[in-house]
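Taken from TrEMBL, the feature transmembrane segment applies to A:21-41, A:61-84, A:105-133, A:139-160, A:172-193, A:225-250. Residues or ranges marked as domain 'ABC transmembrane type-2' in TrEMBL: A:25-255.
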Amino acid sequence: MGNSVWKDTWLITLRSVKTTLRNPFSFIPNLMISAFFLLVYEGGLSGISQLPMFEGANYLAFILPVSIVSAAIGGAGGAGQGIVKDIENGFFSRLLLTPASRLAIVLGPIIAGMLQLFIQTLLIIGIAFLLGLEVETGFGGILFVLLIAIGWGLAFAGYSAGVALRTKNAQAAQAGTFIFFPLIFLSTTFVPYELIEAQWLKVAATINPTTYIFESMRTVLIDGWIFWDLMQGVIAIVIACTITITFAAISAKKAVSRG
Amino acid sequence: MKFQVKFVIFKISIFLTLVPKILVGVIVVNGKIEVEHLSKTFKKGNVQAVKDVSFTVEDGEFFAFLGPNGAGKSTTVQILTTLINATGGKATVAGHDVIREPEKVRRYIGVALQETGVDPDLTGRELIELQASIFGFSKVDAKTRAEELLNIVQLTDSAERRIGNYSGGMRRRLDLALTLVNEPKILFLDEPTTGLDPSNRMAIWKELRRLNEENGTTIFLTTQYLEEADSLAHRISIINDGEIVATGTPRELKAQIGNDLIALTFSTKEEEEKAERILKEHMNSGDVILQNRKLTVYVEDGTKQLLELVRLLDQENIEVATVNLSSPTLDDIFLKITSEQVEKEGEVHGE
Ligand SMILES: Nc1ncnc2c1ncn2[C@@H]1O[C@H](COP(=O)(O)OP(=O)(O)O)[C@@H](O)[C@H]1O
Ligand SMILES: [Mg+2]
């Protein structure tokens, strides 16, 4: 009796994917909002890119990272929501009562959330291509953008899973997600850094790690392989992941412990 | 020569791979529960939920933990099923220490907590198959097991529906099926029939009796219903405020409490107190309790003694306002046991 950690993780992940698919309202709104960024800003604001600071880049490539990060946050937030749902309806305890690996019980919903994020990101990029996206670095660039999206999503998944495991409460987990949305806007969201006028917003954008995510994606989409510009995003991700995954691991340990 | 050596090694290796399987088949797991001086204090609110509880449940026994809300039943179940750690004492389930070897304990037990643990987005069949896979069943075996269990809990017709659409009774039955997936030696059931309608309750009772009688499964059941413990269990422990206050077979407990219960009320306080004094002189004083303006008397044979009592009071010119003859409920048992405890403590303090 009993399985390996891998088998347990596989079984529990599969289950999480199934429940996500059966609740389309858990991902469709977020996907629509993310697509909305592309459509609206491409439709209404693309004139901005005629400004000299944009150096003729197309606004679609400029706004795409915003859309991707928004989708990533929504997808990764699904990880926390999956865990809270399990805790609230007692299924989490039911799993703890089986010989299943404790790691698998927590990891299943997180992996499912990451899969959700991956697919959402692909869809968003697909829509951008339909709208006429051109990528300076080609296929490799798209892979890099995907990687950044996954990395940033992982950081956020760690955060949302940590909050879920700590609060065990759906409202709290939801509220925890919402504090991330301002991060999207307190950044170089719609205009480049040089064009931000308000000093406070400049400061916010400098501190905000999302800025570095946007910038590295934009570099690869618009400018090309500029090593240090790309590394900014990678470093931001490594730091964020270290913090949030540690937080998730500590919270998970507490949630499955028997104190 | 070389060939022979190889052959011998081959035989030995076959033997060695078989040994564990043979052993698992031979070593019969003992479905015994041993609890010694178990305590649990929750840091939150500094609640002492379980206080120095000791008891033993034998392999194959049907044991009930009977107690009101907040008595510490669920806390005890959670400790014995490895969900939470005790803050004191020791517990062995199926031969393994619940604190040091939780993984081993989990293999041999089936647990239905007070709140059902189901994923509403799966169908009944999917959930049982998942549970079986987690316990190491192959895909085919998991399917077979699901079919069997759906049959047992009579959910075959709803097997393909999502659990979110199940009624409370159906969820309970599904929860029971989940606890049976691994053919547990010991079943823990925390208030499995609370809030159920009579037909669902009967279905669960029937299945629990069958499991205990046919499969020899040890059952640890908690309940707030005296009649449930009475009709199912071989032995009952009554728990109140974290402590076991009485243990025995249903027959023993009833003998201790009295089979019938006579409740008397009077129009004046003086009459009440006088009646209490007279009856306490007349019979075992512990069997007479005055509380909330009601004089309760525990007796062996209600119909016979009722007349006797009324006649006795009549002789003393005490007028009885109302009389009520009934069987004791859990509340009555508590009233009796706790008043006995207060009396005993009073004696100790008096010395
Ligand atoms: N997680 C907890 N934290 C703090 N107190 C708790 C917790 N769980 C139970 N209690 C308290 O412990 C006592 C016993 O509870 P419980 O075991 O649930 O009783 P029962 O199952 O018999 O109704 C109650 O006073 C309850 O409030
Ligand atoms: Mg309880």
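Including glycine, each Cβ sits where the backbone N, Cα and C put it.
Because TrEMBL annotations are produced automatically, they should be read as predictions rather than curated entries.
Taking Cβ pairs closer than 8 Å, the transmembrane segment (A:21-41) reaches residues 59-60, 63-64, 66-68, 70-71, 74-75, 77-78, 81, 116, 120, 123-124, 127-128, 131, 190 in its own chain, all 6 or more past its ends. Ranked by the number of CB pairs under 8 Å to the transmembrane segment (A:139-160), the listed stretches A:61-84, A:105-133, A:172-193 are led by A:61-84.
Non-local neighbours of the transmembrane segment (A:61-84) in the same chain are 16, 19-20, 26-27, 30-31, 33-35, 37-38, 41-42, 45, 49, 54, 92, 106, 108-110, 112-114, 116-121, 123-125, 128, 133-136, 145, 149-150, 152-154, 156-157, 159-165, 167-170, 173-174, 176-177, 180-181, 184, 189-190, 192, 210, 213-214, 217-218, 221-222; each lies 6+ residues outside the stretch with a CB under 8 Å from one of its CB atoms.
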